[in-house]
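Engineer: OK, Swiss-Prot features for this one:
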| type | residues | note |
| --- | --- | --- |
| BINDING | Asp45, Ser46, Asp84, Lys112 | 3-methyl-2-oxobutanoate binding site |
| BINDING | Asp45, Asp84, Glu114 | Mg(2+) binding site |
| ACT_SITE | Glu181 | active site, proton acceptor |
Amino acid sequence: MKTTTMSQLRQWKQEKRKFATLTAYDASFAQLFAEQGIQVLLVGDSLGMTLQGFDSTLPVTVADMAYHTRAVRRGAPHCLLLADMPFMSYATPELAFTHAAELMRAGANMVKLEGGSWLCDTIRMLAERAVPVCGHLGLTPQSVNIFGGYKVQGREEVAANQLLQDAIALEQAGAQLLVLECVPVELAQRVTEELTIPVIGIGAGNVTDGQILVMHDALGITGGHTPKFSKNFLAHSAGDIRAAIKLYIEEVEGGIYPAEEHTFQ
């Protein structure tokens, strides 16, 4: 099996070929997802909520992320692997480089940072030092205390224009990929069309180049509140996890998921 690369993702964008991605936190699920056809995985700091039981991602440490990144890499050696940089691990460019190096040594192909144009100096520094970067705009869970909860972002014109400008700035600084979370579908389309780098959506409609879900949401095993944008693919697959992942891939690639019911206006 060939290793998935960023060059492939850029080619898929040019070809308008949509792709499905998932979070993974251990070797077993990573291997299972890869065997069903998932080619891009994210070791998300969402593990703070899904695995550790916290009510936010803020308590997650770089050591936590490195541990799970190593596990996922062993399970899916050929996937393009992203790893979240947790809260306050990239407060300065120097700190970001130190922690990004740790995650890269653990097996990540790329690190993901949450934030707008204030991150440009950090992204530029990382890119110059051969650390590939994925940006993250819209609802950025590490900023939950500022947002006052997990709310849709970019609904007002001023906020939408700012998000678009931030996306452009991140790309110009050297970001190779962008995650766009919980924004109106019209804004997601503007961002996706404006950028030359691939855009992965979560709660951003079916107009982005790729889609990502937290694995627990895709399998319907999330406790408590279920996000509007999620779909329980396991429930549509007679309880067969492998069939559920294949269905998720098929619906993303076919533009079926996310449907209007999963989309914010």
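Here the Cβ of each residue, glycine as well, is placed from N, Cα and C on the backbone.
Describe the structural surroundings of these features, if you would.
Structural biologist: Other Cβ atoms within 10 Å of the Cβ of Asp84 (3-methyl-2-oxobutanoate binding site) number 31 in total over all chains.
Contacts of Glu181 (active site, proton acceptor) defined by a Cβ separation under 8 A and a same-chain sequence distance of 6+ are given as His136, Leu137, Gly138, Leu139, Thr140, Pro141, Gln153, Gly201, Ile202, Gly203, Ala204, in order along the sequence.
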Engineer: Taking only the residues the record lists as binding 3-methyl-2-oxobutanoate, namely Asp45, Ser46, Asp84, Lys112, what is the largest Cα to Cα distance between any two of them, in Å to the nearest whole number?
Structural biologist: 13
Engineer: Just to be sure I understand the packing, how many Cβ atoms besides its own are within 10 Å of the Cβ of Glu114 (Mg(2+) binding site)?
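Structural biologist: So the number of other Cβ atoms within 10 Å of Glu114 (Mg(2+) binding site) is 23.
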Engineer: What three-state class does DSSP give Asp84 (3-methyl-2-oxobutanoate binding site)?
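Structural biologist: Once the DSSP labels are grouped into three classes, Asp84 (3-methyl-2-oxobutanoate binding site) ends up as strand.
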Engineer: Just to be sure I understand the packing, how many Cβ atoms besides its own are within 10 Å of the Cβ of Lys112 (3-methyl-2-oxobutanoate binding site)?
Structural biologist: 23
